[in-house]
Structure formats: C-alpha cells, structure tokens
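*Asks:* My questions will all concern the structure given below.
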Amino acid sequence: MAGVSEEVAPTEEDKGPLMYQESKVFHAETFLCNVYDNAKRRYVTFEVYGLDTQDTLTLGYTYDAFDKEFRFNAELMNPNRKEGRFHWVIERLSIETVGKERKLERKPEPSEEVPELPIYETTRKIPTGRMDLKERQRLREQMDMLDIKRAENIAAKRAATKERFLEHITRVKEEDKRKKQEVEEMIAGERKQRILDRERRDREAEEEQARKEAREKQRRKAVTVREHRTEEQDEEEYRALRERWRVLDAEKAANAKELHKKKEAERAASRQEEAEHKAHMEELHQKREAVWKVREARVARKEADQLKRILTVKAELQRQERMRKERNQEFVKVLKSERQPIFKEARRRTQERELAQEQEREAVNAYVEKRAIPKKPKTKGTNAKPVEAAQTRAAPRPKGKSAKKAPKEEEKSEAELEKERTDRVLGAVEAKVRAEMEEEQRRRALHDQRMEKIGQREAARFAAEVKHMRQYREEYRRKELSQEQTEAERRQIMRQRDDERKNAAERRAQEQERLQRIREHNIARKEREAVAALSG
C-alpha cells in the first residue's frame, strides 16, 4: 500500500502517546485497537492486540500518507478531526494471512466486523462534600481491592491463555503429523498412478502402430486396384468431366450476361436519377438566385430610402443651423448699433473730464510755483555759495499781505468742493460705463462659449453620423460576405456529396468485380479439387 511503512515492533522505536482506542472482532477473536501519534517523527501507528492470543499487529502511516487517505473525503479532510479519522481507518482494518504470517491491512471498504467504542462510566457520583475518616478508609480499601482484583483477573486470563496456547500447540502438532501422513500417502498413490499411466501409454502406442500398419496395407491394396483400371474408364470419366465443364461454362456465361444486363440497367437508372437530381438542383438554384436578387433589390431600396431620409434630415438641420446663426448675427448687430451711441457719449465725457483734470493740474502747479518760498543759500562750510549770490536774494515780503490770505483760502475751498462734486459725477458715469463694458464682455464670452459648445456638438453629431454610416457599411459588407460564404459552402457541400456518390458507386462496382473474381477462383479451385479426387 502506497504511503504505508512496514510493520515495526513496539520495542524497536517510540510509538508516541496513546491517542485513541476501540475494540473489534477479527476471526471470532476480540482485539483491542490502539492508535499512537508521534508528533516528533510525524508518524501515526495503528496497533491491534488480541485479548485471547495476545498477538500484536501494527500498521503505520506518515502524516503525508495519512492525509492523502482523506483527500477526497469532505468530512474527514480537516486534520483536526483525528478521532473520526482513526475510527474510519479502524472500520477498514483486516487481518490477512500471507504464507505463515499474519499481517494487518487496510481494506478499501469497511469490513463486516464493526468496531466498538469502550464504555466509560459517565454516571459515577463524585463526592463533593467533606468526607470523614471512615469514608476515606472505605474508599482506600476499595482502591486496594481494585488493584488486587485486577491482578487476580490478569493472572486468571494469563493462565487461561497459556492453557489455550498449549492446547493450540498440541492441536497444531497433531494437524502437522496428519498432514505429513496424508502427503506421504498422496506421494505413494501418485507414484503408483504414474507407473500405471506409463504402462497404459505404452500399450496404446503399440495398438496405434498396429492400426497404422493395417491402414498402410489397405492403402497399398487400393492403389494397386486403381492402377489396374482400364483406359476406357478413364476416358469415360474424362468425357463426363468435360461435359460438366461445358455445362458449367454455359451457365457461367449466361449468368455473366444477365449480370451485365442488370448492371447496365442499374447504371442507366443511376444516370437518369442523377440527371433528374441535377435538373432539380439547378431549378432550386435558379429559384434561390431569383429570391436572393429580389431580396437584394428590396434591401438596396430600403437602404436608398433610409439614406435619402438621412440626407433630408441633415439638410434640414443645416438649414436651421444657418438660420440660427443669421438670427444671432442680426441680434449682435442690433445690440452693437444700440450700444454705439452710449459708448460714444461716454467716450466724449471721458475726454472732457480728462481735459478738465489736465487743466486743473496745470493751474494747481502754476499756483504752487507762484506761492513757493525761495530757498536760503548756504554761506558757511565747504559747500557755501559766493557772497554775491547771497546778496541777490529776494527782499522780505511786507507784513500787510497776510491780511489777504483768508479770502483766497475761502475761494480755493469752494473751487475744491465744486471739483469734488464734478469728480463724483464723472466717477459715477465712469463706473456705469465700465459696468456696461464688463457686462458686454461677459455676454461676449458667454456667446463665444455657446458657439464653441454648439460647434463641439455639431462635430460630435457629425462624427457619430459618420461612425454610424461606417458601421452600417461594414455590417452590409459583412452580410454580403457571409451570404457569399454560405453559398460557397453550400455549393462545396453539394459538390462533395456528388463526389461521394460517384466514389461510392465506383467502390460498389469494384467490390462486385472483386467478389466475382473470388467466386470464379473458388469455382475453379473446387473443380480442380474434384478432378484431383476423381483421378486419385
């Protein structure tokens, strides 16, 4: 058995701890089935121990071989189900006798003997309270008595086993003596039988030799009688033989002629059938061609109508698009013509405002230059100017002019207020114009985006239409190609069928000719055998 090691005695190597135990009956004897698992060596050992004969047989598996035993068992495939695996193997254990030895083997199917699990005490009452001295003494005496009873039972079993073993030895010796006596008697009987058989064969050989001599003598006598026949008898026999040959030749010629006529009739019928079939197939082909032409015309007409509708829809869509563009352009022109006067007026006001601002800046600069205090020249140090330049400085202003400063400041403040009001008005107008320009730019950007999206959608629609037309053309070409291929395959099948019919007819004709030649050869052979028998 693959994956199972040879039987090993328990004393030769460590079997590991006892993992499982059952009892099973083999050949009317109860055996104790033990399972040991050695995790270090990765080895499982099945051991059976005879309770009567005390025989011990083992069967070992490696872990890999043991797992392979359950690779197709969905319930025991899990290695954790050890007890189920051990019970499954013990169910299939059997003790077989090979020569004079007994071996433990695993059968593919469960044996007739059913293993039994040991019965444990599951209802024993375990004392849980406190025990007194008498109770402890009683339990100790009971435990001692258990050991004594166990020893007595073991001794009794050993004595009974020894007695049965001695009886078995005596019985084996008597059986061996009886077998030896039977073998000696059988050998003597066979020796005597061989002597009788040899005498019988010698006697039969002598009788066979006498019969052969008698047959040889009779044959020589018959040969002599046949040699003394007259030539007239031979001539008569030859004449009768030739007459029979002539009759046979006439019958054979008539049969051949009839067979030839039959073959000619069959060939004519076959040719007529082929001609009718060919005409029928030609008619079917013409009808099929007419149907295909009508269908192709109908498909072409439908395709032309569909293409015409597509082109009409396309022209209508293009016309609507052109009208939409024209309306958009007209609307843009109207908006532009309405906005131009506003922009022109705003530009004029902007120019006037810029001119006023420029004039105001020039007046302010002139007033500042006019009211500016002259700089005091430096007369000391390395950077001092000449004295002449210092003497030419302007004379001090009279103090009376300071009285006129207040009215000028009042006039200046009123001018500034007027200027501020003008600036506010101009700023409001400018903000309004700037807002309008920004709104126009935003609308122009939206219009550009709208036109871009419209262009993209138009391009996508055109691309989809082109793709659809391309797919339609490819589908149409594919259909035409498949139809052509189908017709070609149909024609090829028809040609092959015609060729097969012709080849079958030729094979039948050749087979008939071969059978006819064999028949003629057999007839000639039988005639030669008949002539040889008559002449012998």
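Any Cβ shown, glycine's included, is placed from N, Cα and C.
Note that this is a predicted model, so its numbers are computed, not measured.
Taken from TrEMBL, the feature compositional bias 'Basic and acidic residues' covers 194-216, 345-372, 406-423, 476-530. Annotation source TrEMBL lists compositional bias 'Basic residues' at 396-405. Taken from TrEMBL, the feature region 'Disordered' applies to 194-237, 255-284, 345-423, 476-536.
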*Asks:* So, by DSSP, how many helix, strand and coil residues make up the region 'Disordered' (194-237)?
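*Replies:* Residue counts in helix, strand and coil order: 41 helix, 0 strand, 3 coil.
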*Asks:* Take the compositional bias 'Basic and acidic residues' (345-372) and count its residues per DSSP category (helix H/G/I, strand E/B, coil), listing them in that order.
*Replies:* 27 helix, 0 strand, 1 coil
*Asks:* Could you give the number of helix, strand and coil residues in the region 'Disordered' (255-284) as assigned by DSSP?
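*Replies:* With helix first, then strand, then coil, the region 'Disordered' (255-284) has 30 helix, 0 strand, 0 coil.
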